[in-house]
Amino acid sequence: MSSIKIECVLPENCRCGESPVWEEVSNSLLFVDIPAKKVCRWDSFTKQVQRVTMDAPVSSVALRQSGGYVATIGTKFCALNWKEQSAVVLATVDNDKKNNRFNDGKVDPAGRYFAGTMAEETAPAVLERHQGALYSLFPDHHVKKYFDQVDISNGLDWSLDHKIFYYIDSLSYSVDAFDYDLQTGQISNRRSVYKLEKEEQIPDGMCIDAEGKLWVACYNGGRVIRLDPVTGKRLQTVKLPVDKTTSCCFGGKNYSEMYVTCARDGMDPEGLLRQPEAGGIFKITGLGVKGIAPYSYAG
């Protein structure tokens, strides 16, 4: 086992950092701060951060094949023009639910942008239940709705053979799997592959590694856990010096580093004194496993 090193590479003070995505061409980490309505890009070489503020909560960001990015802003799928710091709406969901917003999102191997919604929280993880749904934005900009009755639509990724879709609805305390049809984007046969233990708290963001194992950030649990979705066993726990770990992705040279986002919202002054790096961006090295490159939206 190589020795694991955890460092806060960016003391960003995110209210709720989320959706880390590695952009190989710029050696940068993209991420969002949801309630601050910001999309951020941290250059791993210069250590500089560029921030773009939107007009509604920004819950996820993804790469786009034609250049620029796509993001979920409020209840809208948007295209982002980074240079002009502007967003163009591609589609809107949940028109009948004025209190909803998007949460986590990610692009599938065919270039569709998957993202789910939730009711706006009154406090972290406190919200009206069953208000959310899971959607995907196809490259032609039409939207498919998969299911509703979601509490907090969260982590998502696809198996290495693209035949399984993994998904987290946080308040189910479960990591679920679906059969996945890459050609059509259809999902079926939902089942649980891992139930979180009490001390692991709330499952949040998720990514897959090059060995097909899942990494889940545990909100209020201060850790990321590595799971085998085939056996349902937890293989590894990596604890961080902050409680409110929100999401994770691989990046850096050969995708050998893990980046973890976290939150400050909901912490009292004493907690912030105890965890001064809360809201920062963390880099974990020495895991001994690599990730895979993120997919880009094809529209």
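Just so you know, glycine gets a Cβ as well, placed from its N, Cα and C.
The annotation divalent metal cation binding site is assigned in Swiss-Prot to E18, N154, D204. Its Cβ taken as reference, E18 (divalent metal cation binding site) is surrounded by 25 other Cβ atoms within 10 Å in the chains shown.
For E121 (substrate binding site), other Cβ atoms within 10 Å of its Cβ number 18. As annotated by Swiss-Prot, substrate binding site applies to R101, N103, E121.
Under the heading N6-succinyllysine, Swiss-Prot lists K144 (among others). On its own chain, K144 (N6-succinyllysine) has Y135, S136, F138, G185 as residues at least 6 apart in sequence with a Cβ closer than 8 Å to its own Cβ.
For the recorded site, D204 (divalent metal cation binding site), the DSSP three-state label reads strand. Shown in sequence order, D104, N154, G155, I168, S170, V216, A217, C218, Y219, T245, T246, S247 are the residues of the chain, 6+ apart in sequence, with a C-beta less than 8 angstroms from the C-beta of D204 (divalent metal cation binding site). Swiss-Prot lists D204 with the feature active site, proton donor/acceptor, giving a curator's inference as the kind of evidence.
Sequence annotations record features per position, and here Swiss-Prot assigns N6-succinyllysine to K244 (among others). A sphere of 10 angstroms centred on the C-beta of K244 (N6-succinyllysine) encloses 29 other C-beta atoms.
Taking Cβ-Cβ distances under 8 Å and a sequence gap of 6 or more within the same chain, K253 (N6-succinyllysine) has no neighbours at all. According to Swiss-Prot, the N6-succinyllysine annotation covers K253 (among others), on the basis of similarity to another entry.
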Inter-residue Cα distance where the pair is E18 (divalent metal cation binding site) and E121 (substrate binding site), in Å: 15
In whole Å, how far does the CA atom of E18 (divalent metal cation binding site) lie from that of N103 (substrate binding site)? 9
Compute the mean position of the Cβ atoms of R101, N103, E121, which form the recorded substrate site, and then list in sequence order the other residues of that chain whose Cβ is within 8 Å of it. I34, P57, S59, N100, F102, T117, M118, A119, E120, L127, I152
Residues near R101 (substrate binding site) in space but at least six apart in sequence (CB under 8 A): A56, P57, S59, G74, T75, T117, M118, E120
Identify, in sequence order, the residues in the chain of N103 (substrate binding site) that are 6 or more apart from it along the sequence and have a CB within less than 8 Å of its CB; answer 'none' if there are none. S59, S60, T72, A115, G116, T117, M118, G132, I152, S153, N154
